[in-house]
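Undergrad: Found this in Swiss-Prot, in case it helps:
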type: ACT_SITE; residues: Asp274; note: active site, proton acceptor
type: BINDING; residues: Lys14, Arg15, Gly16, Glu17, Tyr18, Ile19, Arg23, Pro24, Arg25, Asn53, Arg86; note: 1D-myo-inositol 1,3,4,5-tetrakisphosphate binding site
type: BINDING; residues: Leu156, Gly157, Lys158, Gly159, Thr160, Phe161, Gly162, Lys163, Val164, Lys179; note: ATP binding site
type: CROSSLNK; residues: Lys284; note: ubiquitin cross-link
type: DOMAIN; residues: 5-108; note: domain 'PH'
type: CARBOHYD; residues: Ser126; note: O-linked glycosylation site
type: CARBOHYD; residues: Ser129; note: O-linked glycosylation site
type: CARBOHYD; residues: Thr305; note: O-linked glycosylation site
type: CARBOHYD; residues: Thr312; note: O-linked glycosylation site
type: CARBOHYD; residues: Ser473; note: O-linked glycosylation site
type: MOD_RES; residues: Tyr176; note: phosphotyrosine
type: MOD_RES; residues: Tyr474; note: phosphotyrosine
Amino acid sequence: MNDVAIVKEGWLHKRGEYIKTWRPRYFLLKNDGTFIGYKERPQDVDQRESPLNNFSVAQCQLMKTERPRPNTFIIRCLQWTTVIERTFHVETPEEREEWATAIQTVADGLKRQEEETMDFRSGSPSDNSGAEEMEVSLAKPKHRVTMNEFEYLKLLGKGTFGKVILVKEKATGRYYAMKILKKEVIVAKDEVAHTLTENRVLQNSRHPFLTALKYSFQTHDRLCFVMEYANGGELFFHLSRERVFSEDRARFYGAEIVSALDYLHSEKNVVYRDLKLENLMLDKDGHIKITDFGLCKEGIKDGATMKTFCGTPEYLAPEVLEDNDYGRAVDWWGLGVVMYEMMCGRLPFYNQDHEKLFELILMEEIRFPRTLGPEAKSLLSGLLKKDPTQRLGGGSEDAKEIMQHRFFANIVWQDVYEKKLSPPFKPQVTSETDTRYFDEEFTAQMITITPPDQDDSMECVDSERRPHFPQFSYSASGTA
């Protein structure tokens, strides 16, 4: 492999993801897709070791806009099934053009490299046999899945790029979450985006505590991901009913979450980013399922004040608020917050006023109820360290650090993965179609949410109309 070289460097203004202020950053773009930003221009190798921002432009889509400031450009990527955006601006159109060209050139180069590797792997340089084989090995669907095969029950979430709907598969009576993304968001009008590599990542992901992808398909203007929807209820629901969990019960859930995050970090090189109580569900046996129904929240209006905020602020790690680089350690902060909630019955930092809340997250020392045991205190203190490099799990060992903590001393991690531990609570459901933990308002009566556009029922769009998205239909093998 060639040495990694800097393709372009210079000052950019980067817009904060959560606190929407513009911050000057000195960015380096490298030919391996790394795009890293610093507060000051790095003078030596040591300074280069610790960037504030660390992104990749691989498989990104680039957009230029004159709002909220002139000469703005946005880098958009699909991570997992969630659309992520980074916003920058420069002083002149020429400068923006230079950055855009450099970023596009690097992204295209990486795409070519990946295609060559794919061809090499499938042993055929010219055709799509690699992709075909992949579909076959995943039990190629006997028919194309369409939107008409589901009943639409409830809107679970809505965002800038699409929506998530609770659906029931007519043929089986099983419940799924269908995530529907607008195609135009992901594919630039005049270029083919490199979107579906992520789809492949999802398809190949198998972990007992992660929501599995059951189907993915497309209509003429949407991409649809159909994912498991565990029916043992949200952990949030069970915790609010019981107010607090015992340390043993929290340990069980914590261990399953650690197992799933370890898999994402080490096997998939993905940071989950969105760990919070609402994203944790129980399956019918009482095991954890981490959902992937996340959507970017509605974007703020152009020209809104700097104080505008987007997202769930209570769970944000200090480094995210400061818009510094956040790597895997951000997930361990999230684990700290949800485990604190489970064992203490409240959030570690809370204030209705966002400004005050941010200050607490950044400055306030963590406090514990007197009833909490020393191991639990030690674990939570480690996970909720403000500095991600000092945080438990923040080092190179990642999840292994947490697994070795004395709070988890009696846990056999292979047994966790193999679901050999007995869940401390078994939901009172009789089958996968039992809806007792769903909101009564939508299980009592059949609500029909029409698919996003009436004409979405025109599934069988001929393939010429979807040149951007070859090989998008997917069906998981075996039972869900």
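Glycine is no exception: its Cβ is also placed from the backbone N, Cα and C atoms.
Quick caveat, the model's predicted, so the values are computed rather than measured.
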Undergrad: Fewest other CB within 10 angstroms, which one of the recorded positions Tyr18, Tyr176?
TA: Tyr18
Undergrad: Could you tell me the mean pLDDT over the domain 'PH' (5-108), as a whole number?
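TA: Overall, the domain 'PH' (5-108) comes to a mean pLDDT of 86.
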Undergrad: Identify, among the binding-site residues Gly16, Gly162, the residue whose Cβ has the fewest other Cβ atoms within 10 Å in this structure.
TA: Gly16
Undergrad: I need the CA-to-CA distance for Asp274 (active site, proton acceptor) versus Tyr18 (1D-myo-inositol 1,3,4,5-tetrakisphosphate binding site), whole Å please.
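TA: Asp274 (active site, proton acceptor) and Tyr18 (1D-myo-inositol 1,3,4,5-tetrakisphosphate binding site) have their Cα atoms 13 Å apart.
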Undergrad: Any idea what the Cα distance is from Val164 (ATP binding site) over to Tyr176 (phosphotyrosine), rounded to a whole Å?
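TA: Counting only the Cα atoms, the answer is 10 Å.
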Undergrad: Quiz question: given the binding-site residues Leu156, Val164, which has the greatest number of C-beta atoms lying within 10 angstroms of its own C-beta?
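TA: The residue with the most neighbouring Cβ atoms within 10 Å is Val164.
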Undergrad: What is the separation, in Å, between the Cα atoms of Arg86 (1D-myo-inositol 1,3,4,5-tetrakisphosphate binding site) and Leu156 (ATP binding site)?
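TA: Cα-Cα, rounded: 25 Å.
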Undergrad: Nearest by CA distance to Lys284 (ubiquitin cross-link): which of the binding-site residues is it, out of Arg25, Lys158, Gly162?
TA: Lys158
Undergrad: Looking at the binding-site residues listed here (Tyr18, Leu156, Lys158, Gly162), whose Cα lies nearest to that of Tyr176 (phosphotyrosine)?
TA: Leu156
Undergrad: How many Å separate the two farthest-apart Cα atoms among the 1D-myo-inositol 1,3,4,5-tetrakisphosphate-binding residues Lys14, Arg15, Gly16, Glu17, Tyr18, Ile19, Arg23, Pro24, Arg25, Asn53, Arg86?
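TA: Result: 17 Å between the two most distant Cα atoms.
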Undergrad: Per DSSP, Gly162 (ATP binding site) is which: helix, strand or coil?
TA: strand
Undergrad: Out of Arg23, Lys158, which has the highest number of nearby Cβ atoms, where nearby means within 10 Å of its Cβ, if these are the binding-site residues?
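TA: When each Cβ's neighbours within 10 Å are tallied, Arg23 tops the list.
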